[in-house]
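Engineer: One structure follows; several queries about it will come next.
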Amino acid sequence: MGRFSKMHGLGNDFVVIDARETALDMTATRAMAIADRHAGIGCDQLILIGNSDRADVSMRIFNSDGSEVEACGNATRCVPLFVGRDVLIETKAGLLDAKTVDGGASVDMGEPRLEWDAIPLSYAMDTLTMPVSWEELPAPVAVNVGNPHVIFFVDDLDGVNFDRLGPLIEHDPLFPARVNVNFAQIIGENHIRLVVWERGAGLTRACGTGACATAVAAVRRKLVSGPTTVSLPGGDLVIDWAPGGHIMMTGPATHVFDGEADWARF
Ligand SMILES: N[C@H](CCC[C@H](N)C(=O)O)C(=O)O
């Protein structure tokens, strides 16, 4: 039997497993089975906390479709709560510094990458105003914050068909590693409303890296300046980034319950 914690960041939910003591052979198939909300435990992402010789802990991230990915902002905020202290975390996207704040955490998410081949895109283009469109959506922005994001700024989020456009764009060959699809509306000074169709997980209640990428895109487009509140369906994050600097993400982290499971059954 193995222990796990059920946690979430603004409703983006996780099964978190402490793999520092028990070596667990995680495969895409096993991750999908654990994440399954009907035949498994159920989560948007499966998180493995392991040992690291470069940081306090390592973190591996698996989407509910089984794909292993580089970054997950909401899960990163849960790590200090899970470990019980501020931590330096080694991820596929680099070393992330996560510090506990009241009710959650503040994380240095590093510098965004803005060049077409760092997103990545299949061919060279301007990433600030991409010369591409999907149906009625306006020209987007592309940003990599450890994982790939495309951001559409629209006048009315309520008029967007996320379930149709999300997967269409996620799987477009322009994005060789697929992409997280962000639909954003400026709703006030330094205030963005955001809905995210996540790569490998679909619509989620919140996406931390999506909020980071969208705030970076909004600063680059001069739509906001300074610390920005990003309101997702599950709640608010505050993202602070200026060109040439690191992205600081601050927001809630929640521990729901602990459980036990026989991992051999998955
Ligand atoms: N779906 C993302 C990983 C989870 C990101 C999201 N849950 C967050 O809080 O950043 C990807 O495939 O890159």
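Numbers here mean position along the shown chain, with the first residue as 1.
Here the Cβ of each residue, glycine as well, is placed from N, Cα and C on the backbone.
Nobody curates TrEMBL annotations by hand; they come from automatic prediction.
When I checked TrEMBL for this same protein, it listed these features:
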type     : residues                                                                          : note
ACT_SITE : Cys72                                                                             : active site, proton donor
ACT_SITE : Cys72                                                                             : active site
ACT_SITE : Cys207                                                                            : active site, proton acceptor
BINDING  : Asn12, Gln45, Asn63, Gly73, Asn74, Asn147, Asn180, Glu198, Arg199, Gly208, Thr209 : substrate binding site
Engineer: Among the binding-site residues listed here, Asn12, Asn63, Asn74, Asn180, Thr209, which has the most company in the form of other Cβ atoms within 10 Å of its Cβ?
Structural biologist: Asn74
Engineer: Taking the Cβ of Arg199 (substrate binding site) as the centre, count every other Cβ atom within 10 Å, in any protein chain shown.
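Structural biologist: Its Cβ shell of radius 10 Å holds 24 other Cβ atoms.
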Engineer: By the count of other Cβ atoms within 10 Å, pick out the sparsest of the active-site residues Cys72, Cys207.
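Structural biologist: The active-site residues Cys72, Cys207 were compared, and Cys72 has the fewest Cβ atoms within 10 Å.
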Engineer: Can you check what DSSP calls Asn180 (substrate binding site), collapsed to helix, strand or coil?
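Structural biologist: The three-state answer is strand.
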Engineer: Under a three-state reduction of DSSP output, how is Asn63 (substrate binding site) classified: helix, strand, or coil?
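Structural biologist: Note: Asn63 (substrate binding site) is in a strand by DSSP.
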Engineer: Apart from Asn12, Gln45, Asn63, Gly73, Asn74, Asn147, Asn180, Glu198, Arg199, Gly208, Thr209, which residues in this chain have a Cβ no more than 8 Å from the mean position of the Cβ atoms of those residues at the substrate site?
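Structural biologist: Apart from Asn12, Gln45, Asn63, Gly73, Asn74, Asn147, Asn180, Glu198, Arg199, Gly208, Thr209, the close residues are Asp44, Ile61, Val69, Ala71, Cys72, Ala75, Val196, Ala201, Thr204, Cys207, Gly210.
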Engineer: What three-state class does DSSP give Asn74 (substrate binding site)?
Structural biologist: helix
Engineer: What span in Å does the substrate site cover, taken as the longest CA to CA distance among Asn12, Gln45, Asn63, Gly73, Asn74, Asn147, Asn180, Glu198, Arg199, Gly208, Thr209?
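Structural biologist: The two farthest binding residues have Cα atoms 17 Å apart.
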